[in-house]
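Summarising the annotation, TrEMBL assigns transmembrane segment to 121-140, 147-167, 173-196, 208-235, 255-271, 283-303, 376-395, 416-434, 440-457, 469-497. The domain 'STAS' annotation in TrEMBL covers 525-648.
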């Protein structure tokens, strides 16, 4: 007779070892008891659970067993990463950082002006945003290669969301106030996520969502730049495909052939340099220097031919000097406060997602770690500071970071060098941009955002996961035809629906034995796996919650019915036992426990035995505390499927 194993033992039973054999004829199997996890108080469980949720990386492990002086130093380094690498900084590192800093400055200056126009802000605000935030990040940030500044996606979203409420041309002051206020709330939101260690919130923006969102946004941004490329004066402020294209063709009489020639000539030049750098990464400096080169050449061209090409619009006067304070412009009461908060949260999430993703990408290339929570705090605090110094939303830019990395940056000092170059520009070089044509800014924006269209990633989504591809398409068409925020909301909704679908409709499989082993695997996956006569082995591959308990009951009963019908059709051995493999059931709630009780009662009425195999610690503890295991009686709980079959079969053989 087999050894009965329904008992619940103390934690000490983990010392029992399993015997593994590769012999063709399997020896009698040792039957093990299923153990409860170590006993813990409710407070201990809560502390452990909260620690797993909010502190998975155990950030305070460095402080253990340290002297007070050492703890203070570690605390300073923890809050300000510059104190980690600062003491070891050398002239050799500075040589690399100054080259990379000047290189990204050549990209940051034209990008700052262009992205500010994209956000419907004065061009000078883009340069302001390339001065203060990089300085803040160099002190607080943990990435060595992140190039900080305005980015296309955040600029586009801010411009589209604010312009729906306030006209950037008719009410410039109010629009500027809302932009600074949205930046403030973006920073508060980002810093709060870092301080409260709630970074998992941004995980709801899946890769599929972002691929579709960025592609749709890139197309909308590119079409919006037709205003500058064609020289159109009166253009729609809407950000949807149909209004933009209607505006382009309804204003054909405003097209300027001089603007078109200049714009498309430099667009071809910028795209060519981008292609060269993509084909040969060593020539990264070609595309990095192309925007500033285009600005210089086009400015000289317009200045020399200003009497002949007077139809080409120019930037005009840009004020010299450092960032003026803007704390007094923050808009904290009034009818537009809700718009500012909503814009801040949306742009904050998007910029945070891009900044952390870019930082981790380049950290992986150099084999060092970027602390996500520190990055959230650094990006958040630099946006809070930026909102008080005439800056709008900034984050880690992929294009700047790529140039920074390829130029040989070693530390965040490259951001300080870039900010210093922008400072010189703000103080002394602003009059030189007077004759810079707006069309060149449009060409720079198109070149920058066209790289956001990742058709290869979309094709990969289609091959791997159709639901992810649906989320991608929802995001893409939502941005293209509805609006940027609603398109993003639709995509997030599809992603959440996918999560709910997996939770409410978990996978269940029928398992069989691989001959000559004690291994049991899915019959549909392994052709060599065989059914065990009189047994139906089912595996549930998800937690059992209130949301899926009804479905699981219906699905398990269907498996039983189909098994009985198949046995009857093939004249096989009658079904006697259902084994529920709970290896993949990581959690269970009260509804799940009720499901187990109900299944046992239903099987008992049908003269079938229900057996549980290998419930994990937390599940085992809840089953034990609810007294459910008592109702299973003898031979109701086993450590493995193999032991359950061996022991129950032995019991059957011993019976008359």
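Every residue, even glycine, has its Cβ placed from backbone N, Cα and C.
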Would you kindly list the residues that approach the transmembrane segment (173-196) from elsewhere in its chain, counting only those six or more residues past its ends and only Cβ-Cβ distances under 8 Å?
54, 119-122, 125, 158, 162-163, 165-167, 202, 326, 329-332, 336-337, 339-341, 343-345, 347-349, 351-352, 373-388, 390-393
Are there residues at least 6 beyond the ends of the transmembrane segment (255-271) whose Cβ is under 8 Å from a Cβ of it, and what are they?
228-232, 287, 290-291, 294, 297-298, 301-302, 309, 311-313, 437, 439-440, 442-444, 446-447, 450
Looking only at the recorded stretches 121-140, 208-235, 376-395, 469-497, which one has the largest tally of CB-CB distances under 8 Å to the transmembrane segment (440-457)?
208-235
Other parts of the chain folded back onto the transmembrane segment (208-235), taken as Cβ under 8 Å at six or more residues beyond its ends
118, 152-153, 156-157, 241, 244-245, 247-248, 251, 254-256, 258-260, 263-264, 267, 311-313, 353, 438-439, 441-443, 445-446, 449-455, 457-458, 461, 465, 468-469, 471-480, 484, 487-488, 491-492, 494-495
Per DSSP, what is the residue count of the domain 'STAS' (525-648) in each of helix, strand and coil?
60 helix, 21 strand, 43 coil
Tertiary contacts of the transmembrane segment (376-395), defined by C-beta under 8 angstroms and 6+ residue spacing from its ends, are 116, 119, 121, 125, 128-134, 136-137, 140-142, 148-151, 154-155, 158, 179-184, 186-195, 199, 323-327, 330, 344, 347-348, 351-352, 354-356
